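Data block below; observations after.
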Amino acid sequence: MGAVTDDEVIRKRLLIDGDGAGDDRRINLLVKSFIKWCNSGSQEEGYSQYQRMLSTLSQCEFSMGKTLLVYDMNLREMENYEKIYKEIECSIAGAHEKIAECKKQILQAKRIRKNRQEYDALAKVIQHHPDRHETLKELEALGKELEHLSHIKESVEDKLELRRKQFHVLLSTIHELQQTLENDEKLSEVEEAQEASMETDPKP
């Protein structure tokens, strides 16, 4: 499991008690305190209501600051997702280019295999004339060329296998990122549904 970022820790702490669920109650309490302060019959009662108003205002300011902070973190998170999406698009484009290159290498390997078969057939024909000096020289040259082509074929096959493995890793990474994005979207929908439900519930 990866290290938890500071933004994730702050976000969890800010959301642990809901998201603005008590704002309406605080505002109602502030209005009631203001009315009582206006109608206070003594200095002590007025001072008490004044302190309550200050406390309620402080809570409202804190709630507003918390909401703004969560909103700012959500914006940064969306920017990060957009960046990841662009990186995925670039990776996919690069993968298509690698696939095209691998196809070219496969065609080259097929040509090498065909040439090798032709050289093998020619070598068998040459073997019927072992006494001719020039024929032996040609056979030796063909053997060297065949060995060289075999090395090329092995190199191409190794590169092709490496590209296949790299492409498999890339596809796995893309799939994991897509799953992460889908899970985040589902979580966001659940949170929005909960917020909507809390807003529609009657206040005690």
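Cβ coordinates come from backbone N, Cα and C, glycine included.
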Here are some residues: Lys36, Lys83, Lys144. Which is flagged as N6-acetyllysine in Swiss-Prot? Lys36
Please give me the CB contact count at 10 A for Lys36 (N6-acetyllysine), counting all chains in the structure. 16
On average, what pLDDT score does this prediction assign to the region 'Interaction with THOC5' (50-137)? 84
